[in-house]
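> Dropping a structure here in structure tokens format, bear with me for questions.
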Amino acid sequence: MAEDTSSPMDRFCGSTFWNATQTWWTNDPDFTPCFEQTALVWTPCAFYWVFVIFDFYYLKASLDRNIPWNKLNVTKALVNLGLLVITALDLIMALIKKGGDSELPLYDLDVWGPIIKFATFLLVFIFIPLNRKYGVQTTGCQFIFWFLLTVLSIPRCRTEVRLESERQKILDSQQPSEQDFSWEEYQFVSFFIFFTFTSIMLILNCFADGLPRQTKYQRGENEIPELSASFLSRITYQWFDKMALKGYRNPLEEKDLWDLRPQDSCSEVMPIFAHHWNQNVRKNYKNKARVEPKAQFSNGNVTFENPHGEKNGRKKGMASIMPPIYKSFGGVFLFGALMKLFTDTLTFAQPQVLSLIISFVEAKEAEPEWKGIMYSVLLFVLAAAQTFILGQYFHRMFIVGLRIRTALINAIYRKALRISNSTKKESTVGEIVNLMAVDAQRFMELTTYLNMIWSAPLQIGLALYFLWQQLGPSVLAGLAVMIILIPVNGVIASRIKTYQIRQMKYKDERVKLMNEVLSGIKVLKLYAWEPSFEKQVLDIRDKEIATLRSTAYLNAGTSFLWSCAPFLVSLVTFATYVLIDENNVLDATKTFVSLSLFNILRFPLTMLPMLITNLVQTQVSVNRINKFLNSEELDPNSVLHDSSKPHPMSIENGEFSWGDEITLRNINIEVKKSSLVALVGTVGSGKSSVVQAFLGEMEKLAGVVNTVGKLAYVPQQAWIQNATVRDNILFGQTYDRKRYNKVIDACALRADIDILSAGDLTEIGEKGINLSGGQKQRISLARAVYSDADLYLLDDPLSAVDAHVGKHIFEEVIGPKGILARKSRVLVTHGVTFLPQVDSIYVLKMGEISESGTFDQLVKNKGAFADFIIQHLQEGNEEEEELNQIKRQISSTGDVPELLGTVEKAIKLARTESLSDSISVTSADSLMGGGGSLRRRAKRQDSHDSVASAASLKKKQEVEGKLIETEKSQTGGVEFAVYKHYIKSVGIFLSVATLVLNFVFQAFQIGSNLWLTKWANDEKVANDTGLRDMYLGVYGAFGFGQGVLAYFAVVIVYLGGFQAAKTIHNELLAVIIRGSVCRFFDITPIGRLLNSFSGDMDVVDEELPATMDSFMTFIFMVLATIVVISLSTPIFLAVIVPIAFLYYFAQRFYVATSRQLMRLESVSRSPIYSHFSETVTGASTIRAYNVGDRFIEESDAKVDKNQVCKYPSVIANRWLAIRLEMVGNLIILFASLFAVLGGQTNPGLVGLSVSYALQVTQTLNWLVRMSSDIETNIVSVERIKEYGETKQEAPWELEQDKNKPKNWPQEGRVEFQNFQVRYREGLDLVLRGVSFNIQGGEKVGIVGRTGAGKSSLTLALFRIIEAAGGRISIDGVDIASMGLHMLRSRLTIIPQDPVLFSGSLRINLDPFEIKTDDEIWKALELSHLKSFVKSLAAGLNHEISEGGENLSVGQRQLVCLARALLRKTKVLVLDEATAAVDLETDDLIQKTIRTEFKECTVLTIAHRLNTILDSDKVIVLDKGQITEFASPTELLDNPKSAFYSMAKDANLV
């Protein structure tokens, strides 16, 4: 070879660098040695030097340290050393053998080649100990480096072997040759050693290193294999196989799941987010230059700053969650974006290869066959690379999404613990939970698509560039069409947004209403008000569906535009192309390369509008979350903790408000150390508000509040968690048996705990549903006592308990000799009895302190306090000995004759009254399901003495104590019945129409493409314009047909989906509202039902129709692809079978696992929300005890647990995608190989089949995704369908009811005949054969100890619990023979706990709107509410907030009385609600009932004697049987009667 070769590379090597004839224009291709030794070696090296930065990043980011030396890394190090040695040797040998004296010239290559290799190997070598030290178990860059190096060395192997054999020939030819081959021989040997070593390194890099010794987080048995999986296993997700297999064999359960990756847990994600959030908040204040340290993790509490700022900080707009999200999670996101960029470029290489294949087929004879094969393989390699990179990209994006969701949920949770009352007023619990459930979730769904914002325009740009190359300027015509379509789409999108917001609003309203209906279901049933509320829900629902429908038409519009778009574009482009110039003829290459480019265009164009709507929704969510996170918080500095003040608790000149007008003014209170201070006053005078002021819950307008020491707080309405009794009392403290038992006895809980089925390990339902009011109150008190604080705020803890229990608690706990005697306590109370023992008393009136002092001072003052006492005594509610005490106290103060007189009178009265429940510890046995469990009396010795029995009991207790049934997560496949149910709900016609339309649509599409093929192959078109126009016209017609069909196909799917959603919701609502109270509501938590109404319904409303739509499209597309490929290369059908088999296999494995993971995930999601709504309700208690951090930790744990289920399902997606796409890539490979090798000579058909094959990967992938989405989403239908099997109560209306007179019952005779009843199947009888007869108009009192069955009697009368035997008749009609509404609407009850619903006052009194205003005002007047309602601006239309929060408890009770007065039926049941009402109100109620219900039969469940002593008869119940039934006087005359002994217990006789 002549030495004066032209290119610098040739001089560098001393030989030719590139020789086209040797490499390309030949039947036996090969590279030149120079090319093999430079380009093919340096490419991998260059790659490694560029990407080594990632290796450094992984070192920095690793949470682990110190991997021990093991076989693997030692071998790696040795082999690497070997490579270094051999490379160094190459250099030395070159310097020895060449140059200088030797006749072989020394080229640059001989020096630089080894040096470059040596440097690279050295770099790789350095990383071996580094990775070991920093606990990095596998690295991708090195794997790819070794992989490239090995693969690219293969051509040189071939060359070297050939040269060697040639040398051998020369040596064997026996001619004495002068040539010295020693250098070549050396190169031969050195290369093969080098090649062996690189291959070994490649194999070694397929495995991951050992486990690190030091880890930041404890690694459990159940650690996720991903952490120690090798790079290869990571990109193929092979580490997930175990789980997929396990899930396929039998349904996964929670114990099968892996632990969370530490990087995704709250404890790693939160500090980062909090740090950036706080920075962002600070930026918003110009004048606040506070610099705070980075949010650190000190035992797990992250502090979030309050963006609402102090009152004086000028605010510069809202702090948004977006910047902190970018900063916290942007890194991973950017790395993902890089990958996306890479795959986008690969996508465009495919059409280029396609054009090579088509031209190869056209020139079949001229070209050597290896080129065709190479093109096919190249196509496959491109597709495979794309698959792996996209897999990683989506994985990264999902992780970012999960982390954002974690961060947001936690931020919302932490905020909810601190919002002020005015904020709380603005949003209901339901709305705040929605922020977590819906809005935070939105983010997660968005992250995957977010990169499309730049990727879509990029793809469109590249596609247009390549199209220009094919078709020249006529592309612009196509582009114009696209541009015109975009604004049209924008308009539609903005319309969709308005509908979206409207629909969200309706959904919020509906869920809020459902929440109330479910919370107050018992009251609704007692009043027979369900139809009214059902109608309200359905009205909202109809509006919601109407909104959804409008959205569907718009959606179909977009879908029409987009299915038409690519077609229109290609039509316009082709038309312009052939019409501009006679010489422009469409041939196969142009047509199909353009078509496949148009297909690439289709994806970004479809995604953009989806992305835009998604962005819009997320924007709405961001605004909602921002508004919440920026809302006002409680001022932590409103209460000072200044220990220099003389008294532990004090308020000086306090003025407070609940956010609007001033509630308390001129408050001056001081509580001395270890003293007991009482606050008294009438209902609504501001007693509770004072307590809230001490807690810092109210807005302080002026003055100073000071508390020193640990607080404990007992709210007026006890807040009970859904946990065991013991957990409720311990409230996060450690269990100290002695102290615990002492507290329980003092709070009179021992008897209750013994009655409960599993003792103190009995689980309490949500909101304490299976406890009576008194029990809840005492548990709440026990919690406070056990917490052993310094300061106690007791907001009327004695109201809900019977008098003697109250006395016991006062003596044992609150009073001067109680457990709390050494603490400082503030007691709000209605009882007069305890006041003499109090250190000082503050009397409140209209939000001011009217007087204060000791009992004696106040009595002498003859002011408001004396009136208060006189008024109380006149009602005669106190027991005799207590009155004597008061009398002694008053007379000792001397000089108060009128008071003494009153006391004397009261004592006389008390002698004749008093029939407390004697030993009863609670007011009525709980009406709830507890009623049943309370009665499974575990007769056993006191477990707190015998430890031996305790262990054996524990098992039994845990089983018995479960009240709430665990939420079922179905296992196994979704039954066909569920699909059938759904299709039935859609309707047969719509279902069939969907299939037909989609089929015809695809037929049109294939038709238009085949027509194009015919056109492209037609030689005559070139010179016959008429023929050309005919082709064009038919093509256009096909396209138009496609568009119209697309529109209708979508509309029909959506309409069908909404039809189903409507049916399903209405069925669910009907079933739930007719559910039986004891057999269903008592054992199903409200959160779970709400989850069905919000979460599951949301899926049925929005997700399912959309998924169904996509599913139909894709399944027909896959079929179309198979048809087209088989048309062009029939042999392809042979491959389709094994491929389909592979595909089916992957899909089955995946669906089984994924579906179960989804189910587990949705079950683990409910606790996050229930815990959250529980927290929001009990926020003030949590703050008072200062246990916010513990609750935050609990919430974090629940979020983490949810992630544990969520993460594998994300991986399952990737696992599947990679496997499926590889199947798709095989289809590409075979389609193109057969096209090249098979006898197909028609380039048009080849082009068509390959361009269809190129789409198939995406389509297959989406198909499985959609089919599994349908399976996962249909689970919602399954869950809702399960409620269809809810235990129903008897029918509401029966035909024969219509014959009953309008005013039945006319007399009101009530008769029980041998009546038996139980709460649920399998529980004991509560009433065992009760018989009595009450004449019309009689007043009957029912008494008995706790658990005797008093409430069960009234519930049976209303058929809330159905008879197990015997019968009840009213006016001689068996109540079991009539519809429930007929029965319930003709009875009236004043229930124990007043339940109000949000809505106007009017709706609360008369939901069916059948009464006139006058009647309502009359009822209000009689129930003493008239003046109050008159004072309201809106009068009867006054909005009552959720649960009646904006009325005092007493006022709520009066509203219930007004309801009863409006109904005014012949039979009235009065379940005495002595609890929350002060004596004044109670007195009003009694008076009204005596006068207004004179004519009626009144059944009173009594807790106090005076209410029933003037009744006609008394029923004494014991253990579910009547022991006595006679008039009170008769019973008191008989010393043997139980009634008498009760009276005796109460010091009456």
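From the backbone N, Cα and C atoms, a Cβ is placed for every residue, glycine too.
Not measured: the values here are computed from a predicted model.
Checked TrEMBL, it gives:
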- 334-617: domain 'ABC transmembrane type-1' (DOMAIN)
- 649-871: domain 'ABC transporter' (DOMAIN)
- 992-1272: domain 'ABC transmembrane type-1' (DOMAIN)
- 1310-1544: domain 'ABC transporter' (DOMAIN)
- 928-953: region 'Disordered' (REGION)
- 111-128: transmembrane segment (TRANSMEM)
- 135-154: transmembrane segment (TRANSMEM)
- 186-208: transmembrane segment (TRANSMEM)
- 324-342: transmembrane segment (TRANSMEM)
- 373-395: transmembrane segment (TRANSMEM)
- 449-468: transmembrane segment (TRANSMEM)
- 474-496: transmembrane segment (TRANSMEM)
- 559-580: transmembrane segment (TRANSMEM)
- 988-1012: transmembrane segment (TRANSMEM)
- 1032-1056: transmembrane segment (TRANSMEM)
- 1114-1145: transmembrane segment (TRANSMEM)
- 1216-1238: transmembrane segment (TRANSMEM)
> Which stretch from 334-617, 992-1272, 1310-1544 shares the most C-beta pairs under 8 Å with the domain 'ABC transporter' (649-871)?
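Comparing 334-617, 992-1272, 1310-1544 against the domain 'ABC transporter' (649-871), the winner is 992-1272.
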> Cβ under 8 Å, sequence separation of at least 6 from the ends of the transmembrane segment (474-496): give me the contacting residues as numbers and ranges.
460, 464, 467-468, 551, 554-555, 557-558, 561, 565, 568-570, 572-577, 580, 584, 601, 605, 608-609, 612-613, 616
> Output the single range from 186-208, 988-1012, 1032-1056, 1216-1238 maximising the number of Cβ pairs under 8 Å to the transmembrane segment (1114-1145).
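The stretch with the most contacts is 1216-1238.
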> Which one, 324-342, 449-468, 1032-1056, has the most C-beta pairs under 8 Å toward the transmembrane segment (373-395)?
324-342
> Using a Cβ cut-off under 8 Å, which residues of the same chain at least 6 positions beyond either end of the transmembrane segment (1032-1056) come close to it?
549, 552-553, 555-557, 559-560, 563-564, 567-568, 571, 574-575, 578, 986-987, 990-991, 993-994, 997-998, 1000-1001, 1004-1005, 1007-1008, 1011-1012, 1015, 1105, 1108-1109, 1112-1113
> Please average pLDDT over the domain 'ABC transporter' (1310-1544) for the predicted structure.
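It averages 86.
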